[in-house]
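Shown next, in structure tokens, is the structure this report addresses.
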Amino acid sequence: MDYDSKVLKARQRRQSSEAAARKRDWRITIFLTLWASYIRLWKIWQPSSVVFDEVHFGGFASKYIKTRFFMDVHPPLAKMLIALVAKLAGFDGSFDFKDIGKDYIENGVPYVPIRVFCALNGIVTVPIAYWTMRSSGHSVASAVVAALMVCYENGLITNNRHILLDPILLSFTAATTLMWINFHNQQHKQVPFHSWWYFWLFMTGLGLGLTASCKWVGLFTIATIGVSTIKNLWEIWGDTRVDLRLFARHFVARAACLIVVPITVYMIMFGIHFHSLPNSGDGNGFMSPEFQQTLAGHKLADTPIDIAYGSKVYIRHIATRGGYLHSHPHDYPTGSKQQQVTLYPHRDNNNWWTIYKKDSEEPTEIEYVKHGDVVRLMHPDSNKRLHSHDHRPPMTDLDYHNEVSAYGFPSFGGDANDYWRVEIVDHDKRDPESKDRLRTLHSKFRLVHVLQNCALFSHAVKLPDWGWGQQEVTCIKNGKLPKTMWYIDPRKQNKRPESHYLAFLVPADTERVNYRMPGFLSKFIELNKVMWDVNKGLTASHPYDSRPESWPLLRRGINFWGKDNRHLYLLGNPLIYWLSTLSIATYLCLKLIFLLLEKRGIRLEFNGLRRFYDESAGFFLVGWALHYFPFYLMGRQLFLHHYMPALYFAILVFGVGFDMITVRLVSKKRIVLATILIVSCIAVYREFIPITYGEPWTKGSCMRHKWRSTWDFDCVQ
């Protein structure tokens with residue numbers, strides 16, 4: 001009985017201690033949440049004008065509310081949440097967020113609730129950081145240090161307080177990491193496959209799907225959890241007590257929750273996105289005609305399939321998203337200085353071309369255009385013909401490229417440089433006639449210049465301002481097929497004119513065609529491909545862009561806004577950046593030292609502490625690396641804010657390091673060290689309050705705070 005009594009009392013003491021620890025953790029959580037709310041929400045109404053990328057993401061909210069289709073390089077979830085909050089706050093979508101500095105109050109925009117929503121995502125990241133450290137088995141002091149470093153990181157504060165995607169992305173990233181750690185803990189507490197085991201595994205998958213649905217940076221979070229999952233499965237495989245059937249159950253559970261669930265969530269978000277944007281908008285030009293056909297206000301009526309001489313047609317390029325063969329009353333500044341011919345992505349009257357036979361302009365009977373016919377193309381609005389000659393194009397100054405222009409005048413009947421041969425190179429196999437006869441949609445053809453023996457060509461090269469940024473068209477010799485292929489786009493069918501002129505006329509009973517309406521999966525795949533291509537093409541320089549190697553040491557920030565000696569400049573807390581980077585370097589050095597010692601037969605375990613800290617810090621370091629190093633592979637514009645998910649993991653690595661250094665100290669000494677560290681972070685945070693919140697400061701104070709010469713915030717205006 002004495003033994004049973006002692007066991008019972010020990011169990012009661014343990015349960016009492018655990019209950020007290022839980023209460024303490026929740027009290028700290030409440031304090032951290034309230035304090036983070038004060039730090040994030042202080043004067044959130046200023047500035048009362050558009051800031052940095054609020055131009056984009058506020059503008060997207062406007063388009064969601066107007067239900068107008070648009071194109072953006074990011075998945076839709078975070079944008080839809082911002083739009084939902086804007087709608088609930090009473091925003092009608094009339095404000096366009098077009099320019100930085102455009103006034104909100106004057107235009108009646110409920111910007112404060114939208115900013116508060118974004119800030120709330122930043123606020124919850126602070127207690128999540130605390131619980132991530134505690135769930136990983138670390139001390140209260142180290143968890144508070146990590147949480148308050150997240151709280152007082154100036155860059156995160158500036159970013160979280162505005163209408164941006166990053167606070168939503170980071171809150172999902174942090175929450176997903178915590179869920180995975182909770183799942184990992186379930187494996188040690190009890191046998192697998194119980195309800196909480198499945199709950200945390202499913203929630204991790206849900207979190208991965210939500211994170212990836214905000215920004216593709218979420219794929220790095222998927223990679224982080226994926227690496228940990230592979231390690232976990234490898235350990236299970238090495239356990240001889242686990243038979244093949246049990247291992248298969250482990251594998252299937254993880255595959256279902258960590259692969260199927262995220263993909264399903266990601267696709268559902270695009271389904272909601274499509275449902276929310278049913279109407280034609282300024283994103284049409286990025287998408288295929290089939291996709292555009294699903295948008296209200298852009299649907300085309302069925303059009304005659306046959307192309308007769310005298311028909312007025314749209315000629316569309318196949319290999320790029322440039323769109324339609326186009327001409328307008330502006331001349332090239334170089335070369336022949338004749339009228340420009342370009343590719344233009346939108347439907348426009350300047351896209352019309354009339355097809356004539358080589359030697360005549362007014363057909364006297366219906367005659368269809370066939371493979372091998374030599375034709376002339378007249379631009380009706382300017383009364384000029386599609387023309388090419390031995391002049392170099394304005395952008396592609398190469399011997400095998402000829403300029404393409406529109407040329408002619410009223411008394412001039414044209415010349416042989418207007419002659420193009422129709423070569424049908426592909427066709428719809430369900431329509432055999434489209435192989436020999438030019439037919440709408442079904443015939444894919446080239447236009448080969450008879451004299452120069454070059455093919456009408458376009459590529460993703462934009463003309464300068466004098467060409468309105470439209471896509472260059474040339475005539476290329478020996479060009480590859482895809483970029484020299486064209487087709488006839490569905491067109492309006494004009495009625496017979498009163499005169500004898502038979503242009504645009506085909507028999508009334510002729511077959512009609514139209515674009516096929518794609519299903520959800522086709523639209524989903526196409527939009528993601530376009531997002532990838534456009535994202536990859538964002539290579540233009542920006543005054544405040546930066547490269548990944550500059551981020552860990554905080555080489556420069558981003559100018560968000562400036563007016564009347566007040567500036568918003570996204571700059572991280574230097575102390576937090578440098579300490580977190582130092583912790584990464586220290587961990588890697590220690591790892592190398594231990595590996596070298598083990599090669600000499602010396603293995604230091606520190607009573608099991610090494611493995612504990614190695615696993616915890618190692619997981620967070622993998623998270624940092626996978627959220628940081630992929631940016632080196634990107635040629636697109638990058639900014640300091642792209643480092644923020646990696647910074648979060650770096651702060652957690654520092655928290656683990658602080659716990660390791662202070663683990664053998666008595667509680668009071670640990671608290672003293674934690675207090676010194678936190679006070680130091682707060683002191684540095686306070687130094688940069690003016691550029692964090694847009695508060696006024698003097699020129700002298702501004703200059704004194706340029707601790708690095710590369711910090712280019714403005715001290716003059």
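Each Cβ is built from the backbone N, Cα and C atoms, and glycine gets one as well.
Copied over from TrEMBL:
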- 112-133: transmembrane segment (TRANSMEM)
- 140-157: transmembrane segment (TRANSMEM)
- 163-181: transmembrane segment (TRANSMEM)
- 193-210: transmembrane segment (TRANSMEM)
- 255-274: transmembrane segment (TRANSMEM)
- 304-358: domain 'MIR' (DOMAIN)
- 366-425: domain 'MIR' (DOMAIN)
- 435-491: domain 'MIR' (DOMAIN)
- 575-597: transmembrane segment (TRANSMEM)
- 617-634: transmembrane segment (TRANSMEM)
- 646-666: transmembrane segment (TRANSMEM)
- 671-689: transmembrane segment (TRANSMEM)
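Summarised by DSSP class, the composition of the domain 'MIR' (366-425) is 3 helix, 26 strand, 31 coil. Sequence-remote contacts of a segment are chain residues at least 6 beyond its ends whose Cβ falls under 8 Å from one of its Cβ atoms, and for the transmembrane segment (163-181) they are 51-54, 57-58, 61, 74, 77-79, 81-82, 111, 114-115, 118-119, 121-122, 124-125, 128-129, 131-132, 135-136, 156, 200, 203-204, 207-208, 210-211, 214-215, 217-218, 221, 224-225, 228, 623, 627, 641, 644-645, 648-649. Looking at 140-157, 193-210, 617-634, 646-666, 671-689, the range that has the most CB pairs within less than 8 A of the transmembrane segment (575-597) turns out to be 646-666. Cβ atoms under 8 Å from those of the transmembrane segment (112-133) belong to residues 25, 28-29, 32-33, 35-37, 40-41, 44-45, 58, 61, 81-82, 85-86, 88-89, 91, 142-144, 146-148, 150-151, 156-157, 159-164, 167-168, 170-171, 174-175, 177-178, 181, 648, 651-652, 655-656, 659 of the same chain, restricted to positions at least 6 beyond its ends. Across the candidate stretches 193-210, 617-634, 671-689, the maximum count of CB pairs under 8 A to the transmembrane segment (140-157) is reached by 671-689. Nonlocal intrachain contacts for the transmembrane segment (617-634), taken as residues 6+ away from its ends with a CB within less than 8 angstroms of a stretch CB, comprise 173, 177, 217, 220-221, 223-224, 227-228, 548-549, 551-552, 584, 587-588, 642-643, 645-646, 649-650, 652-653, 656-657, 660.
Listed as Cβ neighbours of the transmembrane segment (193-210) (distance under 8 Å, sequence separation of 6 or more from its ends, same chain) are residues 77, 172, 175-176, 179-180, 182-183, 186-187, 218, 221-222, 225, 249, 253-254, 256-266, 269.
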